[in-house]
Structure formats: structure tokens, C-alpha cells
């Protein structure tokens, strides 16, 4: 491959990574687990921790394909996809429970949950193994003769995912900030809406 072609291919990896970050199941998972702790949650920290887990899974798969010459078992991706579905149900249920608990007790739920933050890398790890990530990153790159280019592509893809997640975290933070000026109840409604979205999406994925 010529230098221009290689550069274009690698840049495409960043762009696809940014788009991949906004997959519905990613938005539901990261949005649901972060907003569950209320408007003061460190959204960017959830996004970064999730991205680290996602990138780790991608690079592990890339090393297995390009360096060790392994084929990724279809059962692995299928198992990860099912895990993501049930995980979304749990996240949605948790977010809705936090919202209901805050209403019934007349308390704010804007308390940072260390457990939720530390779970973000695991959620990202599962997401990196499942769904469209192998199709967007590993399958196109696996046709390259040079494993260095393949690993570089996956690395830049993961960087793009991280950038997209930072944008998502920023949007969540700004949304809660602006809505908070109207009233805390509206912040809670957004929290419940994202949780409901995660719950419904998880059920849909389980049934399909």
C-alpha cells in the first residue's frame, strides 16, 4: 500500500471509532450508568473508564488476529452480545430504581458511586468484544499483510471511540447543567428516560 492509502485507511479508523461510540447500546449503557447517580456525576470519568475497557478488548482481539494468527470464535461475540443485552436491562433497572428512590424519599440521588465508576471498564470490555466493533475494525484490517498496520488501525479506532465518548460525556454534563436551571425534577425525568431507554433496548436485544 502507498503512504497516502495507508494514511487514509488509518484516518478512517478514527472516524469509524467516533461513530461507533454513538451506537445505541453504548449510549444506553454509558448514559444509563452515569446519570443514575444524578446531575453531579463525573460523566467524563464514566466515558473515559468505559473507553479504556473497550480499547483493551479491541487491542486484545487485534493482537490475537494479527500477531498470533487466531480466528475469533463466533461464540465469543454472540456471548458478549447477550451479556450486553442483560447488562442494559440491569443498568436501566438500576437507573429507574435510583430515580424512584429519590422521589419516594424526597432526596437527591446526585451522589457519586465508586462502584458504578469502577464497573465502567468492565462494561466497555464487554462492548468491545460484542456487536459491530469486530466488523468495523478487525475484519477490514485483518486483510492487511502487515500486522503493524492492522494493530495501528485498531488503536486509532479505539482513540476515535474514546473521543466520541468524551463528546457524549460532555453532552450529558451540559444537558444536566442547563436543565438544572429549570428544576431538579426535570433532571430526574431525563435520568428516568435514559434508564427506560436502556431497559427497553436491553429487552429488545434479548428477544432478538
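Going from the start of the chain as shown, residues are counted 1 onward.
Positions of Cβ are set from backbone N, Cα and C atoms, glycine also.
Taken from TrEMBL, the feature transmembrane segment covers 52-72 (among others).
Within the same chain, residues 25, 28-29, 32-33, 35-38, 109, 123, 126-127, 130-131, 188, 191-192, 194-203, 205-206 sit at least 6 positions outside the transmembrane segment (84-100) and bring their C-beta atoms closer than 8 Å to a C-beta of that stretch. What TrEMBL records for 84-100 (among others) is transmembrane segment.
Sequence annotations record features per position, and here TrEMBL assigns transmembrane segment to 120-139 (among others).
A Cβ distance under 8 Å defines the sequence-distant neighbours of the transmembrane segment (151-173), meaning residues of its chain 6+ beyond its ends; these are 9-11, 13-22, 26-27, 30-31, 34-35, 43-48, 50-51, 54-55, 58-59, 61-63, 66-67, 136-138, 140-141, 144. According to TrEMBL, the transmembrane segment annotation covers 151-173 (among others).
According to TrEMBL, the transmembrane segment annotation covers 185-207 (among others).
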